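Q: Got these off TrEMBL a minute ago, pasting:
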ACT_SITE  46  active site, proton acceptor
ACT_SITE  263  active site, proton acceptor
BINDING   144, 314  substrate binding site
DOMAIN    242-369  domain 'Alanine racemase C-terminal'
MOD_RES   46  N6-(pyridoxal phosphate)lysine
Ligand SMILES: *Cc1c(COP(=O)(O)O)cnc(C)c1O
(Lines of atoms letter the chains of each structure in order from A; the text may use other names.)
(Lines give C-alpha, C1' and ligand atoms only; values in the text may rest on other atoms or scores of the structure.)
Protein backbone atom coordinates (compact mmCIF):
# COMPACT_ATOMS: atom_id res chain seq x y z
CA UNK A 1 0.00 0.00 0.00
CA UNK A 2 2.69 2.63 0.82
CA UNK A 3 4.31 1.82 -2.53
CA UNK A 4 1.25 2.74 -4.48
CA UNK A 5 1.40 6.53 -4.44
CA UNK A 6 5.08 6.49 -5.38
CA UNK A 7 4.44 4.23 -8.35
CA UNK A 8 1.59 6.48 -9.33
CA UNK A 9 3.79 9.58 -9.10
CA UNK A 10 6.35 7.97 -11.36
CA UNK A 11 3.68 7.28 -13.90
CA UNK A 12 2.41 10.84 -13.60
CA UNK A 13 5.78 12.49 -14.18
CA UNK A 14 6.32 10.35 -17.27
CA UNK A 15 3.08 11.29 -18.95
CA UNK A 16 1.09 14.13 -20.38
CA UNK A 17 -1.44 15.35 -17.82
CA UNK A 18 -4.78 16.93 -18.66
CA UNK A 19 -6.12 18.70 -15.62
CA UNK A 20 -9.80 19.65 -15.75
CA UNK A 21 -10.94 22.22 -13.21
CA UNK A 22 -14.57 21.29 -12.57
CA UNK A 23 -15.06 24.27 -10.26
CA UNK A 24 -14.10 26.62 -13.10
CA UNK A 25 -16.43 24.72 -15.43
CA UNK A 26 -19.32 25.04 -12.96
CA UNK A 27 -18.55 28.72 -12.47
CA UNK A 28 -18.55 29.29 -16.23
CA UNK A 29 -21.99 27.73 -16.47
CA UNK A 30 -23.18 29.92 -13.58
CA UNK A 31 -21.81 33.06 -15.30
CA UNK A 32 -23.58 32.15 -18.51
CA UNK A 33 -26.80 31.30 -16.67
CA UNK A 34 -26.67 34.70 -14.94
CA UNK A 35 -26.00 36.39 -18.25
CA UNK A 36 -29.03 34.75 -19.87
CA UNK A 37 -31.44 37.17 -18.14
CA UNK A 38 -33.96 34.62 -17.00
CA UNK A 39 -33.73 32.36 -20.04
CA UNK A 40 -32.83 28.78 -19.19
CA UNK A 41 -29.16 27.96 -19.64
CA UNK A 42 -28.53 24.48 -21.05
CA UNK A 43 -25.13 22.89 -21.67
CA UNK A 44 -23.84 21.45 -24.93
CA UNK A 45 -21.85 18.32 -24.10
CA UNK A 46 -21.51 16.70 -27.53
CA UNK A 47 -18.26 15.00 -28.57
CA UNK A 48 -17.53 13.79 -25.04
CA UNK A 49 -18.08 17.29 -23.63
CA UNK A 50 -15.74 18.80 -26.24
CA UNK A 51 -13.11 16.24 -25.33
CA UNK A 52 -13.09 16.94 -21.58
CA UNK A 53 -15.04 13.82 -20.55
CA UNK A 54 -18.83 13.73 -20.47
CA UNK A 55 -19.29 11.98 -17.11
CA UNK A 56 -17.34 14.32 -14.80
CA UNK A 57 -18.44 17.36 -16.82
CA UNK A 58 -22.14 16.46 -16.73
CA UNK A 59 -22.00 15.65 -13.01
CA UNK A 60 -20.43 19.02 -12.17
CA UNK A 61 -23.02 20.83 -14.30
CA UNK A 62 -25.91 18.91 -12.76
CA UNK A 63 -24.66 19.87 -9.29
CA UNK A 64 -24.53 23.50 -10.36
CA UNK A 65 -28.19 23.28 -11.40
CA UNK A 66 -28.09 22.63 -15.14
CA UNK A 67 -31.17 20.66 -16.20
CA UNK A 68 -31.00 20.56 -19.99
CA UNK A 69 -28.23 19.11 -22.16
CA UNK A 70 -27.52 18.86 -25.87
CA UNK A 71 -25.54 16.08 -27.50
CA UNK A 72 -25.01 15.44 -31.21
CA UNK A 73 -25.55 11.68 -31.45
CA UNK A 74 -28.12 9.24 -30.15
CA UNK A 75 -25.26 7.15 -28.69
CA UNK A 76 -24.01 10.18 -26.75
CA UNK A 77 -27.50 10.71 -25.41
CA UNK A 78 -27.70 7.08 -24.26
CA UNK A 79 -24.43 7.50 -22.36
CA UNK A 80 -25.57 10.76 -20.81
CA UNK A 81 -28.88 9.20 -19.76
CA UNK A 82 -26.94 6.81 -17.48
CA UNK A 83 -25.19 9.77 -15.85
CA UNK A 84 -28.18 12.11 -15.68
CA UNK A 85 -31.37 10.08 -15.11
CA UNK A 86 -33.61 13.13 -14.73
CA UNK A 87 -32.08 15.61 -17.19
CA UNK A 88 -33.70 16.80 -20.39
CA UNK A 89 -31.46 15.62 -23.24
CA UNK A 90 -31.73 16.88 -26.82
CA UNK A 91 -30.02 15.12 -29.73
CA UNK A 92 -28.92 17.76 -32.24
CA UNK A 93 -28.21 15.54 -35.24
CA UNK A 94 -31.84 14.50 -35.34
CA UNK A 95 -33.63 11.30 -36.11
CA UNK A 96 -32.08 8.51 -38.17
CA UNK A 97 -34.56 6.29 -40.04
CA UNK A 98 -36.29 3.81 -37.68
CA UNK A 99 -34.57 5.20 -34.58
CA UNK A 100 -37.78 6.41 -32.89
CA UNK A 101 -38.03 3.56 -30.34
CA UNK A 102 -34.43 4.12 -29.23
CA UNK A 103 -35.13 7.77 -28.49
CA UNK A 104 -38.18 6.90 -26.46
CA UNK A 105 -36.41 4.06 -24.60
CA UNK A 106 -33.78 6.49 -23.29
CA UNK A 107 -36.18 9.44 -23.04
CA UNK A 108 -34.11 11.44 -25.51
CA UNK A 109 -35.58 14.34 -27.45
CA UNK A 110 -34.71 14.44 -31.15
CA UNK A 111 -34.06 17.79 -32.77
CA UNK A 112 -36.05 17.23 -35.95
CA UNK A 113 -34.52 19.06 -38.88
CA UNK A 114 -36.41 17.98 -41.98
CA UNK A 115 -39.92 17.04 -43.08
CA UNK A 116 -39.07 13.32 -43.37
CA UNK A 117 -37.85 13.32 -39.76
CA UNK A 118 -40.92 15.19 -38.58
CA UNK A 119 -43.32 12.89 -40.37
CA UNK A 120 -41.54 9.77 -39.08
CA UNK A 121 -41.74 11.07 -35.49
CA UNK A 122 -45.41 12.02 -36.02
CA UNK A 123 -46.28 8.57 -37.41
CA UNK A 124 -44.50 6.85 -34.54
CA UNK A 125 -46.29 8.97 -31.95
CA UNK A 126 -49.65 8.26 -33.57
CA UNK A 127 -48.96 4.53 -33.54
CA UNK A 128 -47.90 4.68 -29.91
CA UNK A 129 -50.76 6.97 -29.01
CA UNK A 130 -48.32 9.18 -27.12
CA UNK A 131 -47.33 12.81 -27.53
CA UNK A 132 -43.56 12.30 -27.27
CA UNK A 133 -41.53 15.51 -27.14
CA UNK A 134 -39.36 16.78 -30.02
CA UNK A 135 -37.52 19.96 -30.92
CA UNK A 136 -37.76 21.61 -34.32
CA UNK A 137 -34.64 22.87 -36.04
CA UNK A 138 -35.19 25.79 -38.39
CA UNK A 139 -32.61 26.69 -40.98
CA UNK A 140 -31.90 30.42 -41.01
CA UNK A 141 -28.90 30.37 -43.30
CA UNK A 142 -26.46 27.58 -42.48
CA UNK A 143 -27.99 25.19 -45.03
CA UNK A 144 -26.86 22.25 -42.96
CA UNK A 145 -29.71 21.01 -40.79
CA UNK A 146 -33.16 22.42 -40.31
CA UNK A 147 -36.44 23.20 -42.01
CA UNK A 148 -36.61 25.78 -44.75
CA UNK A 149 -39.22 28.52 -44.64
CA UNK A 150 -41.34 26.75 -47.26
CA UNK A 151 -41.59 23.61 -45.08
CA UNK A 152 -43.10 25.35 -42.07
CA UNK A 153 -46.77 25.04 -42.98
CA UNK A 154 -46.56 21.30 -43.64
CA UNK A 155 -44.44 20.81 -40.51
CA UNK A 156 -46.98 22.64 -38.34
CA UNK A 157 -49.73 20.31 -39.52
CA UNK A 158 -47.67 17.26 -38.51
CA UNK A 159 -46.84 18.73 -35.10
CA UNK A 160 -50.29 17.98 -33.74
CA UNK A 161 -49.22 14.32 -33.50
CA UNK A 162 -46.44 14.97 -30.98
CA UNK A 163 -45.34 17.49 -28.44
CA UNK A 164 -43.10 20.23 -29.89
CA UNK A 165 -41.11 21.53 -26.92
CA UNK A 166 -38.47 23.74 -28.53
CA UNK A 167 -37.90 25.64 -31.76
CA UNK A 168 -34.26 26.34 -32.43
CA UNK A 169 -31.83 27.65 -35.01
CA UNK A 170 -28.07 28.12 -35.06
CA UNK A 171 -25.86 31.13 -35.82
CA UNK A 172 -23.45 31.00 -38.74
CA UNK A 173 -20.92 33.50 -37.37
CA UNK A 174 -21.95 34.75 -33.95
CA UNK A 175 -18.27 35.07 -32.96
CA UNK A 176 -18.10 37.97 -35.43
CA UNK A 177 -20.21 40.51 -33.59
CA UNK A 178 -20.31 42.89 -36.51
CA UNK A 179 -21.58 40.32 -39.03
CA UNK A 180 -24.86 41.57 -40.52
CA UNK A 181 -25.89 37.93 -40.87
CA UNK A 182 -26.56 37.72 -37.14
CA UNK A 183 -29.42 40.19 -37.34
CA UNK A 184 -30.72 38.58 -40.51
CA UNK A 185 -30.81 35.19 -38.82
CA UNK A 186 -32.61 36.59 -35.78
CA UNK A 187 -35.25 38.09 -38.07
CA UNK A 188 -35.68 34.91 -40.05
CA UNK A 189 -36.00 32.89 -36.88
CA UNK A 190 -38.66 35.23 -35.52
CA UNK A 191 -40.60 34.95 -38.78
CA UNK A 192 -40.35 31.17 -38.73
CA UNK A 193 -41.48 30.90 -35.11
CA UNK A 194 -44.52 33.02 -35.94
CA UNK A 195 -45.58 30.37 -38.44
CA UNK A 196 -45.21 27.48 -36.01
CA UNK A 197 -47.39 26.56 -33.06
CA UNK A 198 -46.29 28.52 -29.96
CA UNK A 199 -43.39 26.85 -28.14
CA UNK A 200 -40.17 27.89 -26.35
CA UNK A 201 -37.40 29.12 -28.64
CA UNK A 202 -33.60 28.96 -28.62
CA UNK A 203 -30.98 30.60 -30.79
CA UNK A 204 -27.80 31.41 -28.83
CA UNK A 205 -24.65 29.35 -28.73
CA UNK A 206 -21.75 30.67 -26.59
CA UNK A 207 -20.85 33.58 -28.85
CA UNK A 208 -24.49 34.40 -29.53
CA UNK A 209 -24.87 35.10 -25.81
CA UNK A 210 -22.32 37.90 -26.13
CA UNK A 211 -23.88 39.67 -29.11
CA UNK A 212 -25.21 43.15 -28.53
CA UNK A 213 -28.92 42.69 -27.79
CA UNK A 214 -28.34 38.96 -27.58
CA UNK A 215 -31.50 36.99 -28.38
CA UNK A 216 -31.57 34.86 -25.23
CA UNK A 217 -35.23 33.93 -25.89
CA UNK A 218 -36.25 30.97 -23.70
CA UNK A 219 -33.13 28.86 -23.68
CA UNK A 220 -29.41 29.26 -24.45
CA UNK A 221 -27.10 26.52 -25.69
CA UNK A 222 -23.48 27.32 -24.79
CA UNK A 223 -20.74 24.76 -25.32
CA UNK A 224 -17.31 26.21 -26.02
CA UNK A 225 -17.46 28.97 -23.40
CA UNK A 226 -18.25 26.43 -20.66
CA UNK A 227 -14.92 24.77 -21.35
CA UNK A 228 -12.99 28.03 -21.14
CA UNK A 229 -12.86 28.92 -24.82
CA UNK A 230 -13.19 32.61 -25.62
CA UNK A 231 -16.68 33.33 -27.00
CA UNK A 232 -15.59 36.89 -27.89
CA UNK A 233 -12.53 36.49 -30.15
CA UNK A 234 -10.42 39.62 -30.25
CA UNK A 235 -11.62 40.69 -26.79
CA UNK A 236 -10.65 39.53 -23.31
CA UNK A 237 -11.96 36.09 -22.47
CA UNK A 238 -14.87 36.49 -20.04
CA UNK A 239 -14.65 32.82 -19.04
CA UNK A 240 -12.42 31.03 -16.56
CA UNK A 241 -9.72 28.66 -17.75
CA UNK A 242 -10.87 25.07 -17.32
CA UNK A 243 -8.06 22.93 -18.69
CA UNK A 244 -4.31 22.67 -18.27
CA UNK A 245 -2.27 20.34 -20.44
CA UNK A 246 1.34 19.66 -19.60
CA UNK A 247 3.81 17.06 -20.66
CA UNK A 248 7.31 15.96 -19.74
CA UNK A 249 10.74 16.24 -21.29
CA UNK A 250 12.14 12.88 -22.42
CA UNK A 251 15.60 13.98 -23.54
CA UNK A 252 17.72 17.08 -23.96
CA UNK A 253 20.44 17.40 -26.60
CA UNK A 254 22.66 20.03 -28.16
CA UNK A 255 22.86 20.25 -31.93
CA UNK A 256 25.40 22.08 -34.04
CA UNK A 257 24.52 24.69 -36.63
CA UNK A 258 23.36 22.99 -39.82
CA UNK A 259 21.95 19.89 -38.11
CA UNK A 260 18.30 19.15 -38.79
CA UNK A 261 15.54 17.93 -36.49
CA UNK A 262 12.57 15.64 -37.05
CA UNK A 263 11.09 13.83 -40.05
CA UNK A 264 12.03 15.08 -43.49
CA UNK A 265 14.54 17.55 -42.07
CA UNK A 266 12.08 20.40 -42.12
CA UNK A 267 14.12 22.47 -39.65
CA UNK A 268 17.79 23.29 -39.70
CA UNK A 269 19.59 24.67 -36.65
CA UNK A 270 20.68 28.23 -37.52
CA UNK A 271 23.32 28.09 -34.79
CA UNK A 272 24.23 25.76 -31.98
CA UNK A 273 20.88 24.98 -30.30
CA UNK A 274 19.62 23.04 -27.32
CA UNK A 275 16.60 20.87 -28.07
CA UNK A 276 14.22 18.99 -25.82
CA UNK A 277 12.12 16.06 -27.00
CA UNK A 278 8.69 16.17 -25.36
CA UNK A 279 6.20 13.42 -24.71
CA UNK A 280 3.37 14.61 -26.96
CA UNK A 281 2.50 14.13 -30.61
CA UNK A 282 -0.29 14.30 -33.10
CA UNK A 283 -1.90 11.16 -31.69
CA UNK A 284 -2.45 13.27 -28.58
CA UNK A 285 -4.11 16.10 -30.48
CA UNK A 286 -0.92 18.14 -30.84
CA UNK A 287 -1.77 18.79 -34.44
CA UNK A 288 0.86 18.02 -37.03
CA UNK A 289 -0.43 20.93 -39.09
CA UNK A 290 0.50 23.22 -36.20
CA UNK A 291 4.22 23.06 -36.71
CA UNK A 292 3.66 23.53 -40.45
CA UNK A 293 1.62 26.69 -40.01
CA UNK A 294 2.89 30.21 -40.62
CA UNK A 295 3.13 31.00 -36.91
CA UNK A 296 4.57 27.84 -35.45
CA UNK A 297 3.54 26.38 -32.13
CA UNK A 298 5.13 27.13 -28.77
CA UNK A 299 5.18 25.37 -25.44
CA UNK A 300 6.02 27.21 -22.22
CA UNK A 301 8.77 26.09 -19.85
CA UNK A 302 10.74 27.71 -17.07
CA UNK A 303 9.48 31.19 -17.84
CA UNK A 304 9.93 31.11 -21.62
CA UNK A 305 8.05 30.25 -24.77
CA UNK A 306 9.89 27.49 -26.60
CA UNK A 307 9.11 26.99 -30.29
CA UNK A 308 8.38 23.56 -31.69
CA UNK A 309 10.96 22.79 -34.37
CA UNK A 310 10.60 20.30 -37.21
CA UNK A 311 7.61 18.10 -37.79
CA UNK A 312 5.43 16.97 -34.93
CA UNK A 313 5.47 13.18 -34.95
CA UNK A 314 2.86 10.74 -33.69
CA UNK A 315 4.11 10.49 -30.11
CA UNK A 316 6.79 13.17 -29.88
CA UNK A 317 7.65 16.75 -30.64
CA UNK A 318 10.94 18.64 -30.47
CA UNK A 319 11.20 22.10 -28.92
CA UNK A 320 14.04 24.61 -28.96
CA UNK A 321 14.92 25.39 -25.34
CA UNK A 322 18.07 27.39 -26.03
CA UNK A 323 16.55 30.55 -24.56
CA UNK A 324 15.13 29.03 -21.42
CA UNK A 325 16.68 28.05 -18.11
CA UNK A 326 18.22 24.58 -18.13
CA UNK A 327 15.57 21.93 -18.58
CA UNK A 328 16.23 18.31 -17.86
CA UNK A 329 14.67 14.93 -18.40
CA UNK A 330 11.38 14.68 -16.48
CA UNK A 331 10.74 18.44 -16.30
CA UNK A 332 7.28 19.53 -17.26
CA UNK A 333 6.30 21.93 -20.02
CA UNK A 334 3.00 23.72 -20.43
CA UNK A 335 1.09 23.03 -23.62
CA UNK A 336 -2.17 24.68 -22.51
CA UNK A 337 -2.53 26.71 -19.35
CA UNK A 338 -2.00 30.19 -17.93
CA UNK A 339 0.59 31.08 -20.60
CA UNK A 340 -0.99 29.42 -23.63
CA UNK A 341 -4.76 29.56 -24.08
CA UNK A 342 -6.82 27.18 -26.17
CA UNK A 343 -7.47 30.02 -28.59
CA UNK A 344 -3.78 30.88 -28.89
CA UNK A 345 -2.72 27.31 -29.56
CA UNK A 346 -5.52 27.09 -32.11
CA UNK A 347 -4.41 30.27 -33.89
CA UNK A 348 -0.84 28.99 -33.98
CA UNK A 349 -2.05 25.66 -35.33
CA UNK A 350 -4.18 27.20 -38.06
CA UNK A 351 -7.45 25.99 -36.57
CA UNK A 352 -10.07 26.92 -33.96
CA UNK A 353 -10.11 26.14 -30.25
CA UNK A 354 -13.06 23.81 -30.78
CA UNK A 355 -10.82 21.49 -32.78
CA UNK A 356 -8.02 21.69 -30.21
CA UNK A 357 -10.47 20.58 -27.51
CA UNK A 358 -12.20 17.82 -29.43
CA UNK A 359 -8.87 16.33 -30.52
CA UNK A 360 -7.53 16.07 -26.96
CA UNK A 361 -6.02 12.63 -26.92
CA UNK A 362 -6.97 9.43 -25.17
CA UNK A 363 -3.51 8.81 -23.64
CA UNK A 364 -3.40 11.59 -21.09
CA UNK A 365 -3.57 11.06 -17.42
CA UNK A 366 -6.77 12.98 -16.67
CA UNK A 367 -7.11 14.73 -13.36
CA UNK A 368 -10.50 16.13 -12.46
CA UNK A 369 -10.21 18.79 -9.80
CA UNK A 370 -13.12 19.72 -7.55
CA UNK A 371 -12.77 21.82 -4.40
CA UNK A 372 -13.54 20.31 -0.99
CA UNK A 373 -16.48 22.67 -0.64
CA UNK A 374 -18.07 21.38 -3.83
CA UNK A 375 -17.32 17.78 -3.00
CA UNK A 376 -19.09 18.35 0.33
CA UNK A 377 -22.03 19.77 -1.57
CA UNK A 378 -22.08 16.72 -3.77
CA UNK A 379 -22.19 14.52 -0.66
CA UNK A 380 -25.18 16.55 0.58
CA UNK A 381 -26.96 16.04 -2.70
CA UNK A 382 -26.30 12.31 -2.64
CA UNK A 383 -27.34 12.03 1.02
CA UNK A 384 -30.56 13.95 0.47
CA UNK A 385 -31.47 12.04 -2.68
CA UNK A 386 -30.82 8.67 -1.06
CA UNK A 387 -32.94 9.63 1.98
CA UNK A 388 -35.91 10.54 -0.22
C1 LIG B 1 -22.33 22.81 -30.98
C2 LIG B 1 -23.61 23.56 -30.99
C3 LIG B 1 -23.87 24.54 -30.00
C4 LIG B 1 -22.82 25.02 -29.02
O5 LIG B 1 -22.00 25.94 -29.71
P6 LIG B 1 -20.79 26.68 -28.98
O7 LIG B 1 -20.30 27.62 -30.03
O8 LIG B 1 -19.81 25.63 -28.63
O9 LIG B 1 -21.32 27.37 -27.78
C10 LIG B 1 -25.13 25.10 -29.96
N11 LIG B 1 -26.08 24.76 -30.86
C12 LIG B 1 -25.85 23.86 -31.85
C13 LIG B 1 -26.93 23.54 -32.82
C14 LIG B 1 -24.61 23.24 -31.95
O15 LIG B 1 -24.38 22.37 -32.94
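Cβ from N, Cα, C; glycine included.
Small disclaimer: the values here were computed from a predicted structure and weren't measured.
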Q: Output, ordered by sequence, the same-chain residues six or more apart from residue 144 (substrate binding site) with a CB under 8 Å from its CB, or 'none'.
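A: In sequence order, 170 meet the Cβ cut-off.
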Q: Within the domain 'Alanine racemase C-terminal' (242-369), how many residues are helix, strand or coil going by DSSP?
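A: Helix/strand/coil tally for the domain 'Alanine racemase C-terminal' (242-369): 24 helix, 47 strand, 57 coil.
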Q: Just to verify a number: CA distance, residue 314 (substrate binding site) to residue 263 (active site, proton acceptor), in angstrom, no decimals.
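A: Distance (Cα to Cα, whole Å): 11 Å.
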Q: Distance between residue 263 (active site, proton acceptor) and residue 46 (active site, proton acceptor) at the Cα atoms, whole Å?
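A: Computed Cα spacing between residue 263 (active site, proton acceptor) and residue 46 (active site, proton acceptor) is 35 Å.
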Q: Name the secondary structure element type, per DSSP in three states, that contains residue 46 (active site, proton acceptor).
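A: Note: residue 46 (active site, proton acceptor) is helical by DSSP.
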Q: Give me the long-range Cβ neighbours of residue 46 (active site, proton acceptor): same chain, 6+ apart, Cβ under 8 Å, in sequence order.
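A: Set apart from residue 46 (active site, proton acceptor) by at least 6 residues yet with Cβ under 8 Å, we have 70, 71, 72, 73, 76, 92, 223.
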